[in-house]
Structures are given as C-alpha cells and as structure tokens.
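Written out below as structure tokens is the structure these notes cover.
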Amino acid sequence: MPGGRNSTVITKFILVGFSDFPKLKLVLFVIFLGSYLSTVVWNLGLIILIRIDPYLHTPMYFFLSNLSFLDFCYISSTTPKMLSGFFQKSKSISFVGCTMQYFIFSSLGLSECCLLAAMAYDRYAAICNPLLYTAIMSPSLCVHMVVGAYSTGLLGSLIQLCAILQLHFCGPNIINHFFCDLPQLLVLSCSETFPLQVLKFVIAVIFGVASVIVILISYGYIIGTILNISSVEGRSKAFNTCASHLTAVTLFFGSGLFVYMRPSSNSSQGYDKMASVFYTVVIPMLNPLIYSLRNKEIKDALQRCKNKCFSQCHC
C-alpha cells in the first residue's frame, strides 16, 4: 500500500547486474575486471608519481591527485560487488549494505563535482592571472578547497541518506541494476517518493548545475584571455592546459545529468544501466589517460622516475 507499511518488510535486495546477458557473462566479466584493474593501476600510479616528483608539487597536480583518489574510490564503491555478482548464485545485498553503498558512491560523485569546479578556478587563476597565480592559489587555499569539496559531498549525500531511510520497501526487491542507485530504489519503494524525487532534483541542481556554471564562467574568462594572446604558440599552450579538464568535465557531467536529471521509471532502467557503466567504470579509467597522454610535465616526470630507478638498479 503506497505511503504505508505492508506485512512484508524488505531486508535485502537482489542486484540483477548483467545476468540478463548469460551468454556474455564471461566476456563482460573480463572486460569489467580489466577496466577495474587498469583504473586502479593508472590512478594510484598517477597519485604516487605526483607525490614523489617535486616538479609536480603545484596546485594543478594537487587537485589532479585528489581527482585520481576520488576516481579510485568511485569505481571501487561499485565494481567489486558487480564483479562478484557474475559468479554468485545469490546476488543479494542487505538493505543496510545497499544504502551504505549508495551513500559512499553519492558522496564521491558529489565531491568530484565540486573538485572539477575547483580545478576550473585553478586554471582560471593560472591563465588569467599568471603573475599572481602563486599568491592566489596558496597551499592553504588549495587544501581548504579540497576539504570543502569532500565535506560538501558528504553533506549532500548524508541528506539523501536520511531521506532514503524514511522509505518503506514492501514489494518486489529486485534491482535491475549492478549497484544500489537512487533512481532504482525510488522505483521499488512503496512509500510516497515525490519528496525524494524533488530532493534528488535539488541536489542535482546544486551540485551539477552550480558546478557547471562555475566552470563555464571560469572558461569564459579563460577563452577571453587566450584570444588576447598574440603568439600562436602561447595560445596553443594555454588551450592544451585546459583541453584535458574540459574533456573530463564534459564526460562526467554529460553522463551524470543524463541519469539524475530525469524522473525514475521502469522503462528507462536499461538506458540508466548503460549510462551508469560509462560514468562509474569508463570515466574513472579514462581520466588519468586524459590528463596524462598529452601532458609534457607528466611525461617528463615519468622519464625522471625511470632514470632514477634505472640508476639505482645499476649502483
């Protein structure tokens, strides 16, 4: 009965995952396992490289190391459980485990929204105010911005968690997804979900749209500054500095807004699942490559690291 408790109270859920593709089970498992291991190695490797190379101890790479940390935690909050489900007969997850998985996942996602906005401001300061960059982006400000991103993400997720715990689940307990995400929980709830739908929309606007606005304003100033640079080489260097961040922002917010700015419905769950694969698995794997492949400073740091290891091995 909507809005009230039923005689049956759900204490666990069944995560369908990708069991509707039995013939592709092994192939999908190998793909997702490879993606997960690659993401872990690339993101942790980037964090270690930034940590050990003194030339990368700048605000830009401080933010990048935190982005890599978030991406590592982000994919680890969903993928291991999804991988274990490929070969488990019982694909169940407790109600507490389900809500905690969403809380962790949501906290990381919201924190990443804020961090990407902070990174855009850092690029604005570097390109539009190069002479004052060191003074503007002081170590204390960088730390405060990162701590603020984490804290704000935790707060936004905690508000959602409190609302989710007010829901009653008394009907079907099958989640047609590979992790516990809010749209799927709303579909299964036998309570009135409109208030939480509104909350979901408000959170998406505050974190998603507000972060995008900050990013757009920052890049508006950046583009204006780049157009005023006389040399082609200077323009190219400034643009390349921002291109990787713009790519990451487009991928992250594009896929996230596709899922979370739409009403929940059973008919859209197949699309949600595919979009979720993109922003929970693919994007965390691509981010370290996006920021590294055309980055001369990262390549130089890798070369210095190789030379140092080579010299130590031959001592």
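Quick reminder: no glycine exception, Cβ is built from N, Cα and C everywhere.
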Swiss-Prot annotation: ARG51 and VAL198 on one membrane face: yes
Record Swiss-Prot, residue CYS180, disulfide partner from CYS73, CYS98, CYS113: CYS98
List of residues, in chain order, with Cβ under 8 A from that of CYS180 (disulfide bond) and at least 6 apart: PHE13, LEU15, ILE93, GLY97, CYS98, THR99, GLN101, TYR102, PHE105
Tertiary contacts of the transmembrane segment (100-120) (same chain, 6+ residues out, Cβ under 8 Å): 60, 63-64, 66-67, 70-71, 73-74, 77-78, 81, 93, 145-146, 148-150, 152-154, 156-158, 160-161, 164, 179-182, 185, 203, 207-208, 210-211, 214-215, 218-219, 245, 248-249, 252-253, 256, 280
Secondary structure content of the topological domain 'Extracellular' (224-240), with strand meaning DSSP E or B: 13 helix, 0 strand, 4 coil
